[in-house]
Amino acid sequence: MIQILTYDGTTDADIFQRIHSSSGLEEAVAGIITEVREGGDEGLLRCCARFDGAAPSHLEVTPEELQAAFDGVDPKFLAILEKAAANITAFHSCQRRNSFILNDQTGIVLGQKVLPLERVGLYVPGGTALYPSSVLMNALPAKIAGVEELIMVTPAKEGNISPMILAAAKIAGVDRIFKVGGAQAVAALAYGTESIPKVDKIVGPGNAYVAEAKKQVFGLVDIDMIAGPSEILIVADGTGNPRHLAADMLSQAEHDKLASAVLVTDSPQLAAGVNLELERQLPLLPREDIARHAIEHHGKIILTANLETAIQLANRMAPEHLELCLDTPFDYLDQVRHAGSVFLGKNCPEALGDYLAGPNHTLPTSGTARFSSPLSVDDFVKKYQYTYYTGEALAAVAEEAAYFAEQEGLSAHARSLLVRLEAAVSIP
Ligand SMILES: NC(=O)c1ccc[n+]([C@@H]2O[C@H](COP(=O)([O-])OP(=O)(O)OC[C@H]3O[C@@H](n4cnc5c(N)ncnc54)[C@H](O)[C@@H]3O)[C@@H](O)[C@H]2O)c1
Ligand SMILES: N[C@H](CO)Cc1c[nH]c[nH+]1
Ligand SMILES: [Zn+2]
């Protein structure tokens, strides 16, 4: 069902879909942002009525609503959410950064302070599928970083948010939750309204409207990344199990018609076997239409001469998720340069990472793993640096620094360096 390509060293590495942008999207989103910036809550509610069918009767989820939702969720699911939260917390706790002080020169103290962001907005998608896992993956690193106030927004259907989403928010310690989604929610977080406080940074995945809104408000606030459709690239040799590999490809294909699933192997037998398995398993999926579209339009099976070439190709593609379905995957890990998250061995389906393993599932897509990283505690802190010199320490370097300034033609800089010196009698 997928065309099997033989890699000749020139196969286009630009296989993953670029960030989706439809015509008119930019203008439509700019209009929504203006409506919220100028109209505040009124503009926001108008947009909710227009794009989500109805405006919620009240914007903020009350503590009673939150508790009732939590109490209504299947206890088995609550226990799994708690377990996922514990694993995500354990992993992300290792990412904490310390401030430092450098005072190895007499009379000089240098330092860098790491501080949590004060207020962060978390977008949780709520259109076609529900992602309580994304609540945990985005909120927990923020809590670990020490963010003072975490504001969540998500679309409400008929005035209500899914109890599973609310339960995940309660477990993760989200501070306030608002029943708004889409570009209007991003605008409200960026500019603030009477009800929704302005935040310093907006994180979380969303559809094309959400992504475009994040792009347009970047600069006024920070954003995490523009996440495109899901991607998986599997490197496997002839010992791979076609049934398992096809299942892994379909796990990401079912996210989105634009999702990509790629197998790179040195085994023609495995390639053919996975192809047959894809066709066999697709009709078993409730989201067959989405997964079939993704596989048929953005699925690839690529044959390489050996595994080293397979990994070189993976590096060129810089996939969001990379599975090394090999018997000795650690032998190959050092060859990996560009990927969002790597899954090692034959017992590590990528879906483990979506929910439970602990590493983050908000990852760079569309080849951006070449220069960007998974969402982490780093996304929720900022730094400032500081410098202290005694008079003696300044005197020891002032002339050199002033000379440097003169070379740049900046004599006021030079003057400020020399004017404090004891011997600065000639400086007026
Ligand atoms: N990368 C990740 O970690 C990750 C995780 C979960 C979800 N996702 C992605 O997030 C996306 C979720 O999208 P979704 O649509 O289900 O939910 P969403 O919440 O992102 O978008 C729904 C909102 O879009 C707005 N909207 C819809 N049609 C509109 C229109 N014509 N004009 C203006 N606004 C409009 C509405 O306000 C609606 O509430 C998917 O693409 C999914 O793959 C990614
Ligand atoms: N695989 C998605 C990111 O590409 C994240 C996710 C959430 N739930 C299931 N999967
Ligand atoms: Zn997934």
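Here the Cβ of each residue, glycine as well, is placed from N, Cα and C on the backbone.
Cross-referencing S230, S372, S373, S426 with the substrate binding residues that TrEMBL gives (Q252, H255, H321, D354, E408, H413) picks out S230. Y123 (NAD(+) binding site) sits 20 Å from E320 (active site, proton acceptor), taking the Cα positions as reference.
With a CB cut-off of under 6 A applied against ligand 3, the recorded positions Q184, N207, E320, D354, H413 are reduced to D354. Taking each of the recorded positions E320, D354, E408 in turn and counting other Cβ atoms within 10 Å of its Cβ gives the largest count for E320. Comparing the recorded positions H255, H321, H413 by how many other C-beta atoms lie within 10 angstroms of each C-beta, the top residue is H321. Proximity of S230 (substrate binding site) to non-local residues of its own chain (separation of 6 or more, Cβ distance below 8 Å) is seen for Q252, H255, D256, A259, S260, E320, H321, T365, given in sequence order.
Proximity of the recorded positions Y123, Q184, H321, E408, H413 to ligand 2, judged by a Cβ distance under 6 angstroms to any of its atoms, singles out none of them.
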